[in-house]
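Asks: Mind having a look at this structure? Questions to follow.
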Amino acid sequence: MNDFSQPVIDSIHKPRDAANPRERYAAGVMKYREMGYWQPDYAPKDTDVIALFRITPQPGVDPEEAAAAVAGESSTATWTVVWTDRLTACDIYRAKAYRVDPVPASNAAEPQYFAYIAYELDLFEEGSVANLTASIIGNVFGFKPLKALRLEDMRIPVAYLKTFQGPPTGIVVERERLDKYGRPLLGATVKPKLGLSGKNYGRVVYEGLRGGLDFLKDDENINSQAFMHWRDRFLFAMEAVNRAQAETGEVKGHYLNVTAGTMEDMYERAEFAKELGSCIVMIDLVIGWTAIQSMARWARRNDMILHLHRAGHSTYTRQRNHGISFRVIAKWLRMAGVDHAHAGTAVGKLEGDPLSVQGYYNVCRESHNEVDLSRGIFFDQPWAGLRKVMPVASGGIHAGQMHQLLDLFGDDAILQFGGGTIGHPAGIQAGAVANRVALEAMVKARNEGRDIVHEGPDILEAAARWCTPLKQALDTWRDVTFNYASTDTPDFAATPTAA
């Protein structure tokens, strides 16, 4: 039995003339670069899908051969020559690795490279993120000649984007429905995330909305458990929404998580949410791309906002050398069609370098992404009219960080203070009041031309003199930070984790 490691391949490999069909398709093993997967003179077409991979070859594996192997294994190749290639337009369908660059400041003992690979558009099914990902992140991520592999960015051609519906609502229409402009939206996740009865759950929702939040939210793992059936949660939560709306005169909402074990159950829950008058439903990333696109189509048909919690993403986005960058996930989510997507906080408890996170937000909400290496964006990306996704900042944030959050993310974002609302020493409603007052004070100061980055703490202290709940929030959390080194910073800009 042959051991198909690089040294053995080198020992049994005989150079062939790839232009000669007799040699090119003779049985046996060829290097991927000689099979046509390395084409340094290739000029990508406007209709090509382009992927940028970070590759870490095994010792002794040439980086160009490694890039060619990634191109081959993510498109048409297998480990040996197959004569059935001659039955296809393989010269067209094979992916082309056309550029390899060393990663700046990578470890000399374990060098990394950026590999640019172009894919013919016909390789992918129209309007299917599942099919796109089956190729781009399929078997190739387990390929032995690579020590590690990470998908850093993609250029999606306009011709392919036009086959996707994108977000069912989008930022502009959502603001019109809510009649809320000129500031970020405010939310909170119900805590504790598990264990509350339906009635107590509804009370938390009411208190948060009554205190000034725009949304309350189910957490990722609250579905339908022994302590609270999903139908009870929906009923009590919507009772709270309706009561808070009547008392405040503002449009309010609660993200009802319809995630379930089957699509039939998810549709049933979504339909019930609609019957109760909810304007929004929620799903988790872990349901998969086909289910996400299915729920996006349902939301579009039913004029509902679709919120996505990115539960599970860090299992493959957090490590810098292997997996997928969240900027790619953000692109796929926009194509799949969600209206909200959790995209990081930079200053909270979860992983996120400030510049990287700003890059994720830009992917979600810009009409055209320009190359911005400092934020990890490698490609010029027009969005072909796809609606914009509202990015969500959630996880370990509090009122004392309001100036940082507003400076980092601007108005088109949702700031979700779960523990920073529910954990307020004077109660849930006081926590909501503190966050609303802090936000409005900071927006007012920004609009007056003040330097909120440097004056932010003073602005909050001034507002707290007239708002006891805000003073209590600042006294409780003012010094709470999560200032740890980021595991995933842009290669072309070193930045600290905390803004």
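Cβ from N, Cα, C; glycine included.
Found this in Swiss-Prot, in case it helps:
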- Lys191: active site, proton acceptor (ACT_SITE)
- His309: active site, proton acceptor (ACT_SITE)
- Asn139, Thr189, Lys193, Arg310, His342, Ser394: substrate binding site (BINDING)
- Lys217, Asp219, Glu220: Mg(2+) binding site (BINDING)
- Lys217: N6-carboxylysine (MOD_RES)
- Lys349: site 'Transition state stabilizer' (SITE)
Asks: Which Cβ among the binding-site residues (Asn139, Thr189, Ser394) has the fewest C-beta neighbours inside 10 Å?
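Replies: Across Asn139, Thr189, Ser394, these binding-site residues, the one with fewest Cβ atoms within 10 Å is Asn139.
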Asks: Measure from the Cβ of Arg310 (substrate binding site) and count the other Cβ atoms within 10 Å, all protein chains considered.
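Replies: Its Cβ shell of radius 10 Å holds 23 other Cβ atoms.
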Asks: Nearest to His342 (substrate binding site) in three-dimensional space, by Cα, is which of the recorded positions Lys191, Asp219, Glu220, His309?
Replies: His309
Asks: Which residue among the binding-site residues Lys217, His342 has the fewest other Cβ atoms within 10 Å of its Cβ, if you could check?
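Replies: Looking at the binding-site residues Lys217, His342, the Cβ with the fewest others within 10 Å is that of His342.
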Asks: Quick one: give me the count of other CB atoms within 10 A of the CB of Lys193 (substrate binding site).
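Replies: I count 14 other Cβ atoms within 10 Å of it.
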Asks: Starting from the Cβ of His309 (active site, proton acceptor), draw a 10 Å sphere and report how many other Cβ atoms land inside it.
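Replies: For His309 (active site, proton acceptor), the count of other Cβ atoms within 10 Å is 26.
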Asks: I need the CA-to-CA distance for Arg310 (substrate binding site) versus Glu220 (Mg(2+) binding site), whole Å please.
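Replies: Cα to Cα, Arg310 (substrate binding site) and Glu220 (Mg(2+) binding site) are separated by 8 Å.
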Asks: Tell me the Cβ contacts of Glu220 (Mg(2+) binding site) under 8 Å, same chain only and six or more apart in sequence, or just say none.
Replies: Lys193, Asn257, Thr259, Asp284, Val286, His309, Ala311
Asks: Mind giving me a neighbour count for Lys191 (active site, proton acceptor)? Other Cβ atoms within 10 Å of its Cβ, every protein chain shown.
Replies: 16
Asks: Given a separation of at least six residues and a C-beta threshold under 8 Å, show me what packs close to Asp219 (Mg(2+) binding site) in the same chain.
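Replies: When sequence neighbours closer than 6 are ignored, Asp219 (Mg(2+) binding site) has Thr189, Val190, Lys191, Lys193, Leu194, Asn257, His309, Gly418 within Cβ distance under 8 Å.
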Asks: In whole Å, how far is Lys217 (Mg(2+) binding site) from Asn139 (substrate binding site) when you measure between their Cα atoms?
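Replies: Given the Cα positions, Asn139 (substrate binding site) is 36 Å from Lys217 (Mg(2+) binding site).
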Asks: Pop the Cα-Cα gap between Ser394 (substrate binding site) and Lys217 (Mg(2+) binding site) into the table, whole Å please.
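Replies: It is 11 Å, counting Cα to Cα.
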